[in-house]
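Comments concern the structure below.
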Amino acid sequence: MLLEFRREHSAATATITVQQSGAEGMPITKDVVKFGTFVVTSQVFHLTRLSFAIVNLKPLLPGHVLVSPRRIVPRFNDLSAAEVQDLFLTVQRVSRMVERVFSATSLNIAIQDGVDAGQSVPHVHAHIIPRKKLDLEHKGGTDAIYEMMESEDAHLGKQMQQKEEATQAELVKNDERGRFPAVDNDSRKPRSDKDMQIEAEWLAGEMAKDGQA
């Protein structure tokens with residue numbers, strides 16, 4: 001589902017380069033932001049000097065987002081004290097926003113610290129997942145989220161790699177056939193760049209409403 005938004009004007013901080021509000025198709029920052037080896041600039045909706053927040057390629061539930069340090073390190077213990085402080089302050093600020101925007105009553109906040117804990121991209125990241133009463137009743141109840149986080153649906157590294165490969169294949173096919181790519185209507189498939197950027201711009205506006213732009 002595409003979300004309409006109005007980006008409210010707010011002063012850019014010294015650490016964020018924000019595009020003019022209303023500039024369609026433009027990410028909120030000119031900086032290249034990487035999640036592991038993957039460029040995620042168009043998915044970014046919040047940036048600080050040390051951290052960033054992005055919308056998810058294949059969210060487990062509506063509003064499922066990620067917060068990471070800007071420096072690419074695989075383990076939580078690799079972070080400096082300043083990075084830890086900024087990461088958790090960003091998690092708190094983003095959590096407040098997504099709980100309000102997605103009308104949640106609770107949140108799952110999780111860090112899979114290392115491969116054996118389920119980490120699929122070697123870059124520290126916190127999952128923030130808005131929750132509501134009985135939201136996973138059809139999957140066995142509240143705790144089903146933990147199985148979902150360890151499933152193929154939550155394998156971020158594989159999803160992003162497949163997305164990059166699919167994008168390249170689609171570009172080649174379209175170049176050969178001279179036509180535009182088909183629209184993906186399956187909500188459980190990884191989302192398009194356009195869908196994620198629309199959500200990122202919308203959530204950036206919601207962060208601005210909280211005074212956190």
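Even glycines carry a Cβ here, placed using N, Cα and C.
Quick caveat, the model's predicted, so the values are computed rather than measured.
Annotated in TrEMBL:
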ACT_SITE  His125  active site, tele-AMP-histidine intermediate
BINDING   Asn56, Gln112, Gly118, Gln119, Ser120, Val121, His127  substrate binding site
DOMAIN    31-138  domain 'HIT'
REGION    158-196  region 'Disordered'
SITE      Tyr146  site 'Important for induction of apoptosis'
Ask   = So what's the average pLDDT for the domain 'HIT' (31-138)?
value = 96
Message = Just to verify a number: CA distance, Gln112 (substrate binding site) to His125 (active site, tele-AMP-histidine intermediate), in angstrom, no decimals.
response = 8
For Gln112 (substrate binding site), the three-state class that DSSP assigns = coil
Inquiry  = For the domain 'HIT' (31-138), how many residues does DSSP put in helix, in strand and in coil?
reply    = 32 helix, 30 strand, 46 coil
Ask   = Considering all pairs of residues in Asn56, Gln112, Gly118, Gln119, Ser120, Val121, His127, annotated in the record as contacting substrate, what is the maximal C-alpha distance expressed in whole angstrom?
value = 17
Key: Residues near His127 (substrate binding site) in space but at least six apart in sequence (CB under 8 A)   = His64, Val65, Leu66, Asn108, Ile109, Ala110, Ile111, Gln112, Met149
Query = Hey, how far is Gly118 (substrate binding site) from Tyr146 (site 'Important for induction of apoptosis'), Cα to Cα, in Å?
reply = 11
Request  = Going by DSSP, give the three-state secondary structure for Tyr146 (site 'Important for induction of apoptosis').
outcome  = helix
